[in-house]
């Protein structure tokens with residue numbers, strides 16, 4: 001038993017010290033996985049337990065202005081991430097077939113690494129989606145799909161940034177940011193009142209767009225199993241697993257709706 005524990009600790013230390021991306025050393029929340037895990041756990045506890053109890057005997061908050069500002073910021077942040085991802089990686093430098101991680105201090109690659117971290121950080125800001133539901137007492141919108149999706153993403157992104165802040169996996173982040181441009185634009189118009197409802201005819205296509213995204217990510221990641229590519233296979237497996245899991249969850253939601 002002691003030997004097994006020692007092997008686990010040695011393996012963990014080897015992973016965190018020898019296999020990390022040294023460029024992200026010292027970056028906020030990157031020194032250990034535990035702060036991310038704690039933040040995600042607190043999020044789940046608040047939106048599923050503490051928040052509803054605190055709001056039980058209170059009137060819903062009127063948060064239209066705050067929500068409009070929040071949605072504008074999310075749209076702008078997503079546009080920025082897509083722009084940077086295209087200019088510094090996917091338009092001219094990266095290959096859709098195989099793109100290893102460049103751990104050097106190349107200026108473009110450092111920007112890509114920074115964008116990976118900002119994408120990870122944005123996953124925490126998206127917790128406000130659910131916090132607003134709680135404060136407005138829209139508890140029916142706090143579905144299991146919603147909470148699972150929001151709580152898993154920061155945790156999954158941490159591992160990507162810690163060990164591979166660049167390369168093949170950034171395709172998912174850029175594609176997801178593009179989807180978020182459309183999604184938060186919809187939320188923006190939706191939050192601006194009834195007179196904008198006529199512009200929201202494309203609501204029914206949002207879930208379909210999400211599912212297409214997961215199929216694309218799965219195909220893009222799974223191809224690495226059939227080519228000789230110096231990209232961490234474990235991360236490719238993780239992206240395939242996440243894509244299939246979310247595709248299943250969103251498909252079930254699509255069928256129910």
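Here, residue 1 is simply the first one shown, and the rest follow in order.
Placement of Cβ uses the backbone N, Cα and C atoms for every residue, glycine included.
Annotations in TrEMBL come from automatic prediction, not curation.
Transmembrane segment is the annotation TrEMBL gives to one range among 67-86, 87-106, and that range is 67-86. The range from 152-170, 171-189 that TrEMBL describes as transmembrane segment is residues 171-189. The stretch from 26-46, 67-86, 210-228, 234-255 that makes the most Cβ contacts under 8 Å with the transmembrane segment (171-189) is 67-86. Residues 111-112, 115, 118-119, 122, 125-126, 128, 132, 170, 173-174, 177-178, 180-181, 184-185, 187-188, 191-192 of the same chain, all 6+ positions outside the transmembrane segment (67-86), place their C-beta atoms under 8 angstroms from a C-beta of that stretch.
Counting same-chain residues at least six beyond the ends of the transmembrane segment (234-255), those with a Cβ under 8 angstroms from any Cβ of the stretch are 143, 145, 148-149, 152, 156, 159-160, 163-164, 168-169, 172, 207-208, 210-211, 214-215, 217-218, 221-222, 224-225.
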